[in-house]
Amino acid sequence: MAARKAGLIALFDVDGTLTAPRKESTPQMLKFMQELRKVVTVGVVGGSDLVKISEQLGNTVTNDYDYVFSENGLVAHKDGKLIGKQSLKSHLGDEKLKEFINFTLHYIADLDIPIKRGTFIEFRSGMLNVSPIGRNCSQEERDEFEKYDKVQKIRETMVSVLREKFAHFNLTFSIGGQISFDVFPQGWDKTYCLRYLEEFNEIHFFGDKTYKGGNDHEIYESERTVGHTVTSPEETLKQCSVLFLGKDNGSS
C-alpha cells in the first residue's frame with residue numbers, strides 16, 4: 001500500500017453519510033474507513049455530541065479516525081486526544097439562554113402535532129438541539145415524524161419564527177437528521193472544525209444535507225473544501241473508492 005497522500009484529508013458527516021440516520025455503522029463501512037486511512041487522513045464531523053457519535057461509529061471512534069469533530073467541531077479530538085472545546089453557555093450567558101429556552105418550550109407546548117414524547121431541548125457543550133416531537137420517541141415515531149414534517153414543514157416554520165424572534169442573538173439554525181434542528185452562534189456551523197485543519201490544502205467533505213438550510217451546507221460551500229453530496233452510506237463507499245482507491249466501483 002502506498003504511503004498516505006500528504007496535505008489531503010477526507011472529512012465525513014455521520015448521519016446519512018457514514019450511517020443511516022441514528023443507526024450504527026455497518027461492519028463493511030468500519031472496515032472501509034480503516035482501509036481509507038492507509039492512503040489519506042480521515043476525519044468525521046457531526047452535529048451530535050461525542051456520546052451519540054460513539055453509539056453510531058463505536059466506542060473507539062476517537063482512535064479509529066485521525067480527527068473526530070463532535071458538535072460541529074466545537075469539541076475536537078485529534079489522534080484520540082481532546083484539542084479544543086467551545087462553550088455555548090460562556091458565549092451567550094445564562095439570561096439569553098433562559099430567554100430562548102423559555103420561548104421555545106412555550107412554542108412547542110402550543111404546537112399541534114400528532115404525538116409528543118420527551119426531551120424537547122437538549123443542551124450540549126456548543127449548541128442546543130431542539131426537537132418538536134421530543135428526542136425520546138421511538139425509531140418508528142421518528143420515521144413517521146420525518147414524513148409528517150416534509151409535508152407540514154413543522155421544523156422549517158419553527159426555525160423561521162425563532163430566527164425572527166431572536167435575530168439580535170446572532171444565532172444559526174440548522175435542520176438535520178429526522179426530528180430536530182441545531183441552534184448555535186453564527187460561525188459555529190461545521191466550518192468551525194476547519195480551524196484545526198490548517199495543515200491540509202485539499203479537504204474533501206462528504207455529506208448528505210448539503211442544500212441551503214441543511215447542516216452540511218456551509219462546509220460544503222466553503223472555499224476551503226471540495227464538496228461531495230451523497231445520498232447514502234453506500235454512495236459514500238462508491239465515491240471514495242473511485243476518488244481515493246482508484247476503483248471503478250465501491251460496494252456492490
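Placed from the backbone N, Cα and C atoms, the Cβ positions cover glycine too.
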The Mg(2+) 1 site in Swiss-Prot lists ASP13, ASP15. Which one of ASP189, ASP208 belongs there according to the record? ASP208
If one measures from the C-alpha of THR225 (Mg(2+) 2 binding site) to the C-alpha of ASP13 (active site, nucleophile), what distance in angstrom results, rounded to a whole number? 13
Taking Cα atoms as reference points, rank the recorded positions ASP13, ASP15, ASP208, TYR220 by distance from ARG135 (alpha-D-mannose 1-phosphate binding site) and give the first. ASP15
Densest Cβ neighbourhood among SER180, THR225 (binding-site residues), 10 Å radius: SER180
